[in-house]
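As recorded in TrEMBL:
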type	residues	note
DOMAIN	192-402	domain 'Cation/H+ exchanger transmembrane'
TRANSMEM	20-42	transmembrane segment
TRANSMEM	54-71	transmembrane segment
TRANSMEM	83-100	transmembrane segment
TRANSMEM	112-136	transmembrane segment
TRANSMEM	148-167	transmembrane segment
TRANSMEM	220-245	transmembrane segment
TRANSMEM	265-281	transmembrane segment
TRANSMEM	301-323	transmembrane segment
TRANSMEM	344-365	transmembrane segment
TRANSMEM	377-397	transmembrane segment
Amino acid sequence: MEVVSSITTKLQGLSTSDHASVVSMNLFVALLCACIVIGHLLEENRWMNESITALLIGVCTGVVILLVSGGKSSHLLVFSEDLFFIYLLPPIIFNAGFQVKKKQFFRNFITIMLFGAIGTLISCCVISLGAIQFFGRMDIGEFDVGDYIAIGAIFAATDSVCTLQILNQDQTPLLYSLVFGEGVVNDATSVTGLVSAYIIKTLYFGRHSTDREVSLMILMAYLSYMLAELFYLSGILTVFFCGIVMSHYTWHNVTESSRVTTKHAFATLSFVSEIFIFLYVGMDALDIEKWSAVSDSPGTIVTVSSVLLALVLLGRAAFVFPLSFLSNLSKKSPNDKIDIKQQIVIWWAGLMRGAVSMALAYNKFTSGGHTHLRGNAILITSTIIVVLFSTVVFGLMTQPLIRFLLPDGKSQSSTAVSSHAGSPKSITVPLLGEGQDSLEDLAQQHLNGGNRLRALLTTPTHTVHYYWRKFDNAFMRPVFGGRGFVPFVPGSPTERTSASITTPFQ
């Protein structure tokens, strides 16, 4: 009887725990719906965006939960860096690569690499040295050199998720490509996109099932991220370039219905993940455990947060303006140069720190999301303050700043980058767009003079682009498919459209 009673008690405990989890998930999903609805209502508001809306709703919800629980808890779910990095971040970064205007991105690739690699290193050094200088004089605990370097790394990198929320690649394509590209450039690329393109092109999954095509694309995209993590490479950069490769090859190999489905499926997964992250961060910002560990030193928290914010501002300025100057030296056309107003926007738009910074801070200074060390708790709570302040204040001011400094932003998008939906954004314009970057124009620009070396030195990006397009057309597309490849599926919309065009009088 005692054994039966013990088993019954355990089952009741599990049942109670499961029910609590179901209740929490129901409330969280309801909050996600509320964020989407309120974000839609605030769509025309020049100050608010969905990330800030979700963050504020999360904070307000945290306050309510804190009051209801008697100060014991402030969140429905516990923040987990594993949940963030494994499930939430990949669809956001992949969709950004899948939807990115490739011409604009690769036209500015050298500048993006300067910002993403050298710039991040400069910012990390500035923040780390500043933290050693200031925190070493404050009574916040014992930290070694590795901890200070970690602080520099946590606050140096641009938050790609925040960038996606506040910058619009149609409105300010140059700034979007530079700031977002900087946020994802680290150390690796992916070939999984090419594998998926070859499989789908060769086997024609769509002849039997659109579901198989869509499922294979989604799973192969996720596989690229997990393989990179398995081999200790950059999963973020890998999945981003996997998105670019899939949009360039794989997307053109599937049936028309699969193209529409994948476009909206990837966008939806990315959208929900973004809202989830900001709502998650907002609720966790009031975690009573971390704040109780530093309740005796509010002045120290304010000081540490202020120092970190100042170092973020200084560290970003230390590379944006000098590297922009170096980038401009290699560009002969005034239209291609980054003027001072654009530099200010690039500096400002990259100041936000979000869920990436929080996840890295949790990973470094907590164990399983918990910490009882005063120094670590101070850094965690200061990170929360920096994230909230930078997301709300810098995020609120970014769009007004763009409108003030770059009032012709919309016209810039129409001249700098044509709207091309040979990528998943649309289905009507060739992948390269129109104008000077077409294959013929590039050939005339770089080869008529006969001096290929001079062309490479004077306009390296355009020259490399031209030769890449020749190689792409001659070798890559015949093997992996791409724009111009239309799989024949009996009874598909493509077949019916072709029939109506070829037999207009029937």
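The backbone N, Cα and C atoms fix where each Cβ goes, and this holds for glycine too.
Since we're looking at a predicted model, the values are computed, not measured.
For the transmembrane segment (20-42), the partner stretch with the most Cβ pairs below 8 Å, chosen from 54-71, 83-100, 301-323, is 54-71. Among the listed stretches 112-136, 220-245, 265-281, 377-397, the one sharing the most Cβ pairs under 8 Å with the transmembrane segment (83-100) is 220-245. Long-range Cβ contacts of the transmembrane segment (301-323) within its own chain (Cβ-Cβ under 8 Å, at least 6 residues beyond either end) map to 111, 114-115, 118-120, 122-124, 126-127, 130-131, 134-135, 138, 140, 151-152, 155-156, 294, 343, 346-347, 350-351, 353, 378-379, 381-383, 385-386, 389-390.
Sequence-distant contacts of the transmembrane segment (54-71), counting only residues of its own chain at least 6 positions beyond either end whose CB sits under 8 Å from a CB of the stretch, comprise 31, 34-35, 38-39, 274-275, 278-286, 288, 388, 391-392.
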